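These notes are about the structure you will find just below.
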């Protein structure tokens, strides 16, 4: 299929619809719907316990919940393991379209350690996550201001804190009764059904029974024979040492008009699309402002400059020239630390390729939330394979700087960023391991990551570098003088530190609203699926980085400062500094993280993200300025 056909005029509206709503409509090939007959067995799986307060996931069976006869781990992909998912079987089993009431799962007597664990998890607001037919369990909550509007909370809380009437002592209560609702869509012709919703209402109730406990004991608080069901938590089950906890559940089945292909719409309902449109419009205003400045420079100022420079006839006139043409003999002089620049540009190209291809896959629906862990797996694999382009870009630049040891530059390109990221990741993983969290990456997965790095990524960087170095060197449009000219004293607003810091504000301004939603999805356990919006913002980011760098590069050359190589990279790359500062602001204003280890995790991961953002935006700015300088200096006649 020709992807360019979507760009033809009759299909522009379709492309726009695909960008904005693509993630709702498409599912990963191979994830086929499952049909059920009446009475078919439905098995509920349990996933990790999660908390937005600690960001440390734990295995479901780390708490004294009822266990099946044998705990079986589901096969997890690389992304799921890195996210801390631990999907296991559970004792909760239903039969399709056969309601059940007051099913007793098990009876537990908690010891001191188990009671302490439960209290800690309740205090930290941990939620229990379950899965049925690949649909996550949600708790429907009606908004008080809008009775008709229902929002969905992912997973139910382990329990709640409260006080008995007339007492000020804080007590902890566990949710031990679950009222499940399974929504299904029925085919009127075949009578086959498909699951389209999985909801729960959790209750805390101190169950009572008469006589000694046995398998046939009837609960007086929840008895299907007497039609007595649990409808509130007025007599809650307290968590204390040696307390008896009886776990029960109800399940009812509700027919729904929602079809299988649209069953994720409820989970992904976007009530804040106006904010995203505001983000797009805000970013477009920045782009239009910068485009106007670039157009003025390119069409008016540069055209006038080039015409005037080409009309200079005598040597005396040439000696009196000022502005950017004056530095033509130094503008392509290799910069200091040129090796590090080559490595940084190569790494940026590698990340740029990864982000671009990931977004295209996401827009086409290959990375929808139904494919759990797919986004992270795709990003890792794409980053590994994009090493080919990273090596090629760094070697091409290295050869232009008259470098000869391409193997050394290839090795550094393959190692520098991953080594820094892996070192931070290893320290953070050790901290998670110390907290006995399921989010700690196992040794086997760590080995797989090292293999992806050294077994695939490093060789591909070398292949790319070999191909890039064999290509003819990029020729400079003008000759470089043997003796570098002196740079005149610069006014305060053209000094490197100030212009670099100013250059990063606009690229960050173009993305910061969307950044809020991305941080919310990562740290507040919400789905992020509006990749259409994100792709548009990414395109705007590319344009903004390129234009601000070109504008500041032109002003720099006009003030006879020819050290543009690193300045162009750092100008747009400095937006990463603002990203990290915003992440710090977000931590203190939006998150309620209580543990010190959780804070270290947050800032550690945001440091890696900021570093990646730095190399991507820096590389975009560098290539824009590289193209701009070659264009203007190849347009004038140099004697």
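Keep in mind that glycine also has a Cβ here, set from the backbone N, Cα and C atoms.
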Range annotated as transmembrane segment in TrEMBL, from 414-434, 477-497:
414-434
With TrEMBL as the source, which of 309-328, 569-588 is set down as transmembrane segment?
569-588
Dominant neighbour of the transmembrane segment (446-469) in 414-434, 500-524, 569-588, 600-628, by Cβ pairs under 8 Å:
414-434
May I ask you to check whether the transmembrane segment (340-367) and the transmembrane segment (530-557) make contact, with contact taken as at least three Cβ pairs under 8 Å and only pairs 6 or more apart in sequence counted?
yes
For the transmembrane segment (500-524), give me same-chain residues lying six or more residues beyond its boundaries with a C-beta closer than 8 angstroms to one of its C-beta atoms, as numbers and ranges.
52, 55, 272, 275-276, 278-279, 282-283, 286-287, 290, 530, 533-534, 537, 540-541, 544-545, 548-549, 552, 567, 570-579, 582-583, 586, 590-591, 602, 617, 621
Six or more residues beyond either end and a Cβ under 8 Å away: which residues meet both conditions relative to the transmembrane segment (569-588)?
341, 344-345, 496, 499-501, 503-505, 507-508, 512, 515-516, 519, 545-546, 548-549, 552-553, 599, 602-603, 606-607, 609-611, 613-615, 617-622
Between the transmembrane segment (277-299) and the stretches 373-393, 414-434, 530-557, 600-628, work out which stretch tops the count of Cβ pairs under 8 Å.
530-557
Stretch of maximal Cβ-Cβ contact with the transmembrane segment (530-557) [cut-off: under 8 Å; candidates 373-393, 414-434, 600-628]:
600-628
